[in-house]
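K.L.:
As annotated in Swiss-Prot:
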type    : residues : note
MOD_RES : ASP3     : N-acetylaspartate
MOD_RES : MET45    : methionine sulfoxide
MOD_RES : MET48    : methionine sulfoxide
MOD_RES : HIS74    : tele-methylhistidine
Amino acid sequence: MCDDDAGALVIDNGSGMCKAGFAGDDAPRAVFPSIVGRPRHQGVMVGMGQKDSYVGDEAQSKRGILTLKYPIEHGIITNWDDMEKIWHHTFYNELRVAPEEHPVLLTEAPLNPKANREKMTQIMFETFNSPAMYVAIQAVLSLYASGRTTGIVLDSGDGVSHTVPIYEGFALPHAILRLDLAGRDLTDYLMKILTERGYSFTTTAEREIVRDIKEKLCYVALDFEQEMATAAASTSLEKSYELPDGQVITIGNERFRCPEALFQPSFLGMESCGIHETVYNSIMKCDVDIRKDLYANSVLSGGTTMYPGIADRMQKEITALAPSTIKIKIIAPPERKYSVWIGGSILASLSTFQQMWISKQEYDESGPGIVHRKCF
C-alpha cells in the first residue's frame with residue numbers, strides 16, 4: 001500500500017505486456033505478459049490442483065502445456081472475459097490491492113472504439129467496484145513523460161503502431177495514423193527468416209523464444225543495402241544464441257533484416273508506408289503552422305522503438321522527406337519502453353488532475369457514457 005490512503009493505480013494494458021503500479025512511482029511495480037493460458041491436456045496427476053486458466057508469467061512458464069491467447073489484439077481489447085482475468089490478476093496477485101480502495105487510471109489505444117471505452121468503464125465500476133477511474137490515450141501519456149505537451153509520438157508496441165500529433169496536450173484525431181505493424185509481426189517475420197536458415201520455430205511457445213532473440217540481438221541498420229553487403233562479405237555481424245535445450249544457433253543479417261520491416265513493410269507483404277513515412281504523413285495532415293513544432297519534437301515510445309540505431313535511422317529518413325530548412329529532432333528517451341506508464345503515473349499524481357476522475361457516484365448517475373464527456 002502507498003502511504004496515502006487512496007493512492008491511485010496506473011494500469012497500461014498493452015497487446016504484449018501489461019504494466020501496472022502506483023501513481024507517483026517512477027517505474028511500474030508489475031510488468032507481465034498480457035496472456036491467458038488454458039490447459040491443452042487433461043491433468044494426469046491427481047491433486048496437482050490444475051487451474052482452468054493461468055495469467056501472465058505463470059501462463060508463460062507453463063506455456064508447453066497451455067494454449068496461449070492474447071485478449072488485446074492490435075492495441076484494442078477483443079476478449080472481455082480474458083481481459084477481466086488479467087485485471088483481476090493485476091489487482092489481487094501482482095499489486096495485491098483491493099480495487100475498491102483505489103482510483104484507477106487505465107490507458108487506451110488512440111482511435112479506440114467508443115463502445116470499448118464504455119465497457120472498460122463498466123467493468124471497473126461494476127465488477128471491481130472502483131471508487132473512481134479515468135481513461136487516457138497512451139501516446140499522450142508518453143509525451144507527458146518526456147516533459148512536453150506538443151509533439152508527435154510514434155508509439156510502437158507489440159500489436160500496433162500509431163503516430164499521434166499532439167498540440168498543447170490535445171491529440172489531433174484527424175491526423176492520427178494507425179499502422180498494423182508492430183513487435184508481434186516482427187517476431188513472426190524473424191520466425192520465418194530463421195526457418196529459411198534451417199531453424200524451425202512454429203508453436204506459440206517457440207514464438208516466445210524468437211521474441212527473446214529479437215529483443216537481445218536485433219538492431220536497425222543506418223543504410224540497409226550497405227549493411228547487407230557487409231554481412232555478406234564477412235562474419236563480423238554474426239552473433240550466437242543458446243536455445244533453452246542447449247543448442248546454439250547463429251544469426252547474421254537476420255539481426256537487421258527483421259526490424260528493417262518497420263521501414264519497408266513490403267518485407268512482410270504489406271502495402272502500407274514505413275514508420276518514417278507514416279510520421280511524415282501524420283505531420284502533413286496537421287495545420288501548417290504547427291508542423292515545425294512537430295518535426296522538432298518527434299518522440300519515440302513503446303518496446304518496438306527499443307532497437308539500437310532506430311533514432312538515427314528515423315532522423316535520416318525524415319530529413320529526406322521534410323523541407324530542407326526544417327529542424328528535425330527525434331527524441332528517444334531511454335525509459336521509452338515504459339513511458340506510457342510513467343506518463344500515467346505523472347498525470348494521476350498531479351493535484352490539478354484530481355478533479356478529472358470519474359467517480360462511482362457520477363457513473364451511477366450517468367452510466368458508462370460519462371467516459372466520453374470526462375476523458376478526451
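One is the number of the first residue shown, and numbering goes on along the chain from there.
Placed from the backbone N, Cα and C atoms, the Cβ positions cover glycine too.
Help me see these features in their spatial surroundings.
P.N.:
A coil conformation is recorded for HIS74 (tele-methylhistidine) in the three-state DSSP classification, outside any helix or strand.
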K.L.:
What residues, ordered by sequence, lie under 8 A Cβ-to-Cβ from HIS74 (tele-methylhistidine) and sit at least six positions away in the same chain?
P.N.:
SER15, ALA109, GLY159, VAL160, ASP180, ALA182
